[in-house]
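Q: According to TrEMBL, the protein carries these features:
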DOMAIN    19-466  domain 'Major facilitator superfamily (MFS) profile'
TRANSMEM  20-41  transmembrane segment
TRANSMEM  53-73  transmembrane segment
TRANSMEM  85-104  transmembrane segment
TRANSMEM  110-131  transmembrane segment
TRANSMEM  138-158  transmembrane segment
TRANSMEM  164-187  transmembrane segment
TRANSMEM  208-226  transmembrane segment
TRANSMEM  232-253  transmembrane segment
TRANSMEM  274-297  transmembrane segment
TRANSMEM  333-353  transmembrane segment
TRANSMEM  365-388  transmembrane segment
TRANSMEM  409-427  transmembrane segment
C-alpha cells in the first residue's frame, strides 16, 4: 500500500500497514471489552447476589452506552481531528476498565460499564472511518475483513481469556486486563496514524434532546424485554409504552431539529434500511450465543467458567481465521452473494441447535456455534461493505456510526429479548438447582426463534433490494 492509495480527505499515514494494524487492534479491544464479561455473568451473579435478569444489565449497560454515543461519535468524526478523538475514546475505555475492576457493588459496576461503552463507541466508529481514509475502495473488502477478523478475535478471546482469568485471579481481572492492552494501542496509534486527517468544514452542535430521547427509548425497551422476578408483568408493559413514546418523540424532534442527531432523510434509501435491518437481526442472533451460551454450559452441562469460555471461543476463532479470505471473496463475488450465503449459514447453525431431542451435547453445541459465527462473519463483512459503498467522504463517519448503531441495537436485543426467551422457555431462572433438561429446552426454543429471525432477515433483504436478485454489485475499483 503506497501513498497513492490513501483515501480522499486524509494525509498519508506514517505507516499505512502499521496504521491498519493499530486500528484493527482498536476493534479487537472494543470487542474484548464487550465479550469478556459474558463468561463471568454466573460468577458475578453469585458475587453480588443478583438475579439472572439483573446480570443482563452488566452486558446491556455497555451496549446501551455504545448505542447512545455512536451517532454523536460519527458526527464528531466528520467534524474534528480524528486521531485526537480516538485517543479520547481509548482514555475513557481505560479509565472505565479500572473502575469496573475496582467496583464494590453492582451499581458502581453498571456505571463503569456504561463509561466503558462510551469509550468503545468512539473506538468503533473512528477505527472504521480511519480505515476508509487509508484504504482504497477496491481493497476495502479486504480491510473490512481484517477488522472483522480482529473483532472475532476479541470476541473469541473474551470467553476463553475471561474463564482463565476468573479461575486464576477472580472476576476483577476480567476488566483490568483491558488496561495494558489499551496503553499498548495508544502507543501504536501515536506511532502510525497521522494527526492531520482533515475534518469536514461545517459547524456541529450536539442534539441533546434527540440523544436523551434515544437513550430513554432504548433503556425502556431493554427493561420491557427483561422479565421481572422470572416473568413478565405490568411493569414490562408500561416500559414498552414508554419505549414507543420515546421512539415517536425522537422521530418528531429529529424532523424539526436544525442539526439533528440523525438525519431521517438518510433512511429514504430503502436498500440502506434493509442493510441496517439485517444487521440488527444478525447481531441479535449472535448475542444469543454469547449471553445464553455461558448459562447453558455452566448450568446445563455443568462446566466450569474456564472450560465454558474455551468452548464458546470456538465460533469466534472461526471468524478470525476466515475474516481476511472472506473479505477478498466479497471484493471478487460481490456483497449480495456473500450476504445471502452468510445468512443461510447462520440459519443452518441455528437450526442445528433448535432441532433434536434431549440434552444438546458439547460436540454438537460447539459445531453449531462454529457454523453460526462463521456465517455471521460472512454476512457482516459483506453487509458492512454494502453500507459503506453508499457513503461519500463527508458522510463516512455517519454511515460508519449507522453500521455500529444497527449492530449494537441487535446486541442489546439479543441480551434482553433472546435471554428472556431462554428464561421463559426453561421455566425458571438459572441457578444452582437449574435442571439440565430445562436449560436444554430453553436453548432449543431460543435458537428456533433465532432461525425464524434469519428467515425474516432474508425477506427484508430481498424485499428492500439490499440483496438484489438481478445483479451482484461489487466494491469500487
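In case you wondered, yes, glycine gets a Cβ from its N, Cα and C as well.
Looking at the shown structure, what environment does each listed feature sit in?
A: For the domain 'Major facilitator superfamily (MFS) profile' (19-466), the mean pLDDT of the prediction comes to 81.
Within the same chain, residues 10, 19-20, 23-24, 26-27, 29-30, 33-34, 37, 57-58, 61-70, 73-74, 77, 82-83, 85-86, 88-97, 99-100, 103, 143-144, 147, 175, 193, 197, 388, 396-397, 400-401, 403-404 sit at least 6 positions outside the transmembrane segment (110-131) and bring their C-beta atoms closer than 8 Å to a C-beta of that stretch.
Residues of the same chain lying 6 or more positions beyond the ends of the transmembrane segment (164-187) and with a Cβ under 8 Å from any Cβ of it are 22, 25-26, 29, 32-33, 36-37, 39-40, 43-44, 47, 87, 90, 93-94, 97-98, 100-103, 112, 116, 304-306, 309.
Sequence-distant contacts of the transmembrane segment (208-226) (same chain, at least 6 residues past either end, Cβ-Cβ under 8 Å): 53, 56-57, 60, 64, 67-68, 71-72, 235-237, 239-240, 242-243, 245-247, 249-250, 253-254, 257, 260-262, 409, 412-413, 415-417, 419-420.
Here the transmembrane segment (232-253) has Cβ contacts under 8 Å with residues 207, 209-210, 213-214, 216-218, 220-221, 223-226, 260, 264, 420, 424 of the same chain, all six or more residues outside its ends.
Panel annotation: around the transmembrane segment (274-297), residues 35, 38-39, 41-42, 52, 56, 59, 155, 159, 303, 305, 307-309, 311-312, 315, 339, 342-343, 346, 350, 360, 362, 365, 369, 372-373, 376, 379-380, 383-384, 386-387, 402-403, 405-415, 417-419, 422, 430, 439-440, 442-443, 446-447, 450, 453-454, 456-457, 460-461, 463-467 of the same chain, lying at least six beyond its termini, place a Cβ under 8 Å from a Cβ of the stretch.
Long-range contacts of the transmembrane segment (333-353) within the same chain: residues 278, 282, 285, 326, 360, 364-365, 367-383, 385-386, 389, 443-444, 447-448, 450-451, 454-455, 457-458, 461, 466-468, 471-475, each at least 6 residues beyond the stretch ends and with a Cβ under 8 Å from a Cβ of the stretch.
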Q: Report, as numbers and ranges, every residue of the chain located at least six residues beyond the transmembrane segment (20-41) whose Cβ falls under 8 Å of a Cβ in that stretch; write 'none' if there are none.
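A: That would be 1, 55, 58-59, 62-63, 66, 86, 90, 93, 97, 113, 116, 120, 123-124, 126-127, 130-131, 134-135, 143, 146-147, 149-155, 157-159, 161-163, 166, 171, 174-175, 177-178, 181-182, 184-185, 188-189, 191-193, 290-291, 293-295, 305, 308-309, 312, 316, 411.
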